[in-house]
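The coiled coil feature in Swiss-Prot is assigned to 485-524; the stated evidence is sequence analysis. Under the heading repeat 'WD 1', Swiss-Prot lists 24-71. Summarising the annotation, Swiss-Prot assigns repeat 'WD 2' to 72-122. Summarising the annotation, Swiss-Prot assigns repeat 'WD 3' to 123-170. Annotation source Swiss-Prot lists repeat 'WD 4' at 171-214. Marked as repeat 'WD 5' by Swiss-Prot: 215-259. Swiss-Prot lists 260-305 with the feature repeat 'WD 6'. Positions annotated as repeat 'WD 7' by Swiss-Prot: 306-342.
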Amino acid sequence: MSWHPQYRSSKFRHVFGKPASKENCYDSVPITRSVHDNHFCAVNPHFIAVVTECAGGGAFLVIPLHQTGKLDPHYPKVCGHRGNVLDVKWNPFDDFEIASCSEDATIKIWSIPKQLLTRNLTAYRKELVGHARRVGLVEWHPTAANILFSAGYDYKVMIWNLDTKESVITSPMSTISCHQDVILSMSFNTNGSLLATTCKDRKIRVIDPRAGTVLQEASYKGHRASKVLFLGNLKKLMSTGTSRWNNRQVALWDQDNLSVPLMEEDLDGSSGVLFPFYDADTSMLYVVGKGDGNIRYYEVSADKPHLSYLTEYRSYNPQKGIGVMPKRGLDVSSCEIFRFYKLITTKSLIEPISMIVPRRSESYQEDIYPPTAGAQPSLTAQEWLSGMNRDPILVSLRPGSELLRPHPLPAERPIFNSMAPASPRLLNQTEKLAAEDGWRSSSLLEEKMPRWAAEHRLEEKKTWLTNGFDVFECPPPKTENELLQMFYRQQEEIRRLRELLTQREVQAKQLELEIKNLRMGSEQL
């Protein structure tokens with residue numbers, strides 16, 4: 001038998017990492033000097049939040065995504081904690097709400113204004129007080145609105161319901177007290193019905209978060225886990241840590257049987273923590289090492305060998321932390337499937353790195369952009385607390401598309417299109433028709449206008465959007481780079497208009513043929 005590995009066909013074999021140019025990086029950012037093994041960075045389609053240094057307490061910066069270049073040394077901070085900020089996470093269903101936790105044993109919820117900050121933001125929306133020691137991790141529930149999890153150095157995971165009027169919440173909905181040491185990481189499965197944790201006692205636990213009971217526990221001594229991650233709907237866990245020989249290692253587990261890992265792979269002898277990231281849409285796993293500049297990526301499958309190494313992005317600049325852009329914020333026109341924001345403390349720099357699938361065609365690539373989780377919750381807080389589970393509501397990343405799997409929600413939470421920008425120009429009757437046209441056949445607007453007119457207005461609305469961006473709301477370009485970006489957007493818009501014109505011509509020819517057939521049929525009668 002040949003020693004060469006069996007050839008495996010994959011559409012992601014040639015994925016490569018593309019670092020942003022210098023003018024598209026964020027320079028002179030005072031990144032935290034904390035030694036905790038957290039990401040220290042959170043990203044959404046509007047903002048970058050990064051933990052920073054602040055005298056007399058903890059703070060973090062919220063930088064608009066488009067505000068690249070050198071940061072003003074007096075740029076306003078979000079400050080209000082009495083101790084260092086240890087973790088920040090954006091609300092997945094509200095791009096203007098963020099949670100932070102600190103060494104002062106509190107969690108704070110902040111509402112970020114849509115306009116640029118002109119002075120330090122000190123007024124928080126809610127404060128959560130319940131932990132006896134500092135809080136190291138916060139995590140939002142992936143499908144239920146206003147449910148937040150926090151893990152503290154008191155060895156407890158607390159579940160908070162933010163759907164209340166109180167500004168200071170002193171009692172969590174429930175507390176998970178099964179850990180014997182400091183909790184190092186938390187991860188949810190796709191619908192949020194299971195919680196996986198790693199702990200300083202070297203054990204991986206799969207927990208029912210509502211009951212607080214441990215369903216599975218791994219005490220395998222050959223792998224000391226530091227981070228754990230659910231792998232989508234594969235019913236598997238990926239953990240990173242060290243082997244008994246102190247080599248950095250990744251291990252794959254069956255979530256229903258944590259007695260022995262399905263596979264283990266040693267990576268190198270470095271000492272930095274490995275941060276795992278999984279993209280369920282492409283089944284790709286990214287492993288980012290703290291203290292080095294490399295990003296390894298793999299393809300995950302349900303069948304053996306489970307993990308297939310693709311390649312590695314290499315850089316000389318070591319990262320202290322890392323942020324990840326949600327899928328709805330990616331640039332689909334350049335076939336971008338993942339985007340990292342790398343914190344480089346040696347240069348006080350945040351460097352975006354885009355993972356690109358090389359394609360020759362400029363059209364939308366359906367095969368690499370399946371329906372993905374959007375920015376709308378599929379459950380209310382009370383529904384989840386009462387025992388309901390539901391998968392995320394899916395959206396298409398095609399510019400101008402609508403929800404693909406809508407669920408009825410209470411009247412106070414109207415359904416909206418998460419792919420469109422928050423612009424009042426688009427929140428009109430035409431947008432409502434576009435969002436409802438595919439799945440609400442009883443719409444009053446549809447009754448008042450013919451089907452072809454509704455389709456025409458829907459297509460017309462789509463042409464206003466370039467990669468989910470309203471071309472009429474663009475500010476005039478100030479630099480040569482912005483001018484080039486505007487030029488490429490206009491070229492993409494021209495191409496899309498040509499495609500639309502071709503479709504209209506085909507429809508017109510079909511109508512002419514139908515009319516001709518009807519006339520011939522009437523003459524024969």
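Glycine residues also receive a Cβ, built from the backbone N, Cα and C atoms like all the rest.
The repeat 'WD 5' (215-259) shares more Cβ pairs under 8 Å with 306-342 than with any other stretch in the list 24-71, 72-122, 123-170, 306-342.
By the count of Cβ pairs under 8 Å, the stretch nearest in packing to the repeat 'WD 1' (24-71) among 123-170, 171-214, 260-305, 306-342 is 306-342.
Assigned with DSSP, the residues of the repeat 'WD 6' (260-305) fall into helix, strand and coil as follows: 0 helix, 24 strand, 22 coil.
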